[in-house]
Amino acid sequence: MSEELSKKHTTRLNKLQKRLRREVGSAIADYNMIEDGDKIMCCLSGGKDSYAMLDILMNLQQRAPIQFEIIAVNLDQKQPGFPEHVLPAYLEKLNVPYHILEKDTYSIVKDKIPEGKTTCSLCSRLRRGTLYGFAQRIGATKIALGHHRDDIIETLFLNMFFGGKMKAMPPKLLSDDGANVVIRPLAYCREKDLEEYANLREFPIIPCNLCGSQENLKRAAVKDMLNQWDRQYPGRIETIFTAMQNTAPSQGVDREQFDFVSLTRDPNAPMRGDVAEANLPAFDFLDIANSGRIDLDAAKRIDIVNTYEV
């Protein structure tokens with residue numbers, strides 16, 4: 001690599017590194033993901049996202065005003081062709097505590113699920129159960145997963161289109177049994193930034209041989225849709241994520257999130273909101289039911305039809 005290219009490489013890496021660290025730090029602070037004395041079980045798959053997550057968390061660990069542990073964990077599901085030597089060699093160089101769990105969930109899924117049927121549900125349950133159980137065994141207080149902002153948005157649309165739910169991936173989650181807290185430190189990070197960062201840092205990426213399941217095909221379709229939107233309307237993805245952080249249950253239709261049934265008017269409420277902001281003089285209201293007129297203030301009456309006629 002020439003000196004000029006090396007300088008550009010370093011400059012770009014430093015700039016990207018600062019941005020990602022800032023975004024991870026903001027997500028951690030906003031959702032109180034990491035607290036003093038935490039033992040973080042950092043789940044590694046060998047992909048770009050989990051490598052970046054571990055790298056950034058280890059850097060923050062050195063700079064943070066609080067003390068927390070990091071333990072890297074990989075689940076070897078015995079998928080054919082998985083290079084078992086890559087992660088141990090990498091983690092040894094980092095001098096980070098780690099565990100490689102071996103559980104042949106691949107064979108279980110192949111045995112239980114008929115050919116051609118989606119394996120995602122069973123596979124994710126087995127993986128989640130193994131990781132949750134191991135977290136409790138080592139006394140981990142938080143489980144860190146490498147999902148990023150794009151994953152969160154894609155999951156929202158997947159659930160909307162194919163599940164009929166407004167549901168995504170929360171940056172922080174309490175497991176159903178209440179025993180584990182899951183955090184997603186990359187929640188504010190863009191996938192394209194993580195991909196570039198992984199290339200610049202030369203992480204030993206383990207290729208992901210996708211199973212070709214229906215869920216993965218659907219996710220790919222949603223990703224293509226969002227990428228097309230982003231090309232056509234730059235900034236739309238950022239706006240979608242901002243909208244997810246600014247929900248208004250009272251302006252929706254979900255009766256579980258807002259008590260529409262009990263809504264009643266307050267006859268003594270002061271004039272405010274839309275009525276107060278309108279600041280229009282009084283005018284005649286047409287009483288359709290009685291074909292009559294209700295005079296409010298004859299002195300300030302205006303002809304509403306003529307005034308607003310186009």
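Just so you know, glycine gets a Cβ as well, placed from its N, Cα and C.
Proximity of distant same-chain residues to the motif 'PP-loop motif' (45-50), defined by a Cβ-Cβ separation under 8 Å and at least 6 residues beyond the stretch ends, is recorded for 74, 86-87, 145-148, 186, 191, 194-195, 197-198, 203-206, 208. Among the features that Swiss-Prot reports, motif 'PP-loop motif' is placed at 45-50.
Taken from Swiss-Prot, the feature [4Fe-4S] cluster binding site covers C120, C123, C211, and the record attributes it to sequence analysis. In the three-state DSSP classification, C123 ([4Fe-4S] cluster binding site) falls within a helix.
Counting residue by residue with DSSP, the motif 'PP-loop motif' (45-50) contains 3 helix, 0 strand, 3 coil. Summarising model confidence by region, the motif 'PP-loop motif' (45-50) averages a pLDDT of 94. The Cβ of C123 ([4Fe-4S] cluster binding site) has 21 neighbouring Cβ atoms from other residues within 10 Å, across all protein chains displayed.
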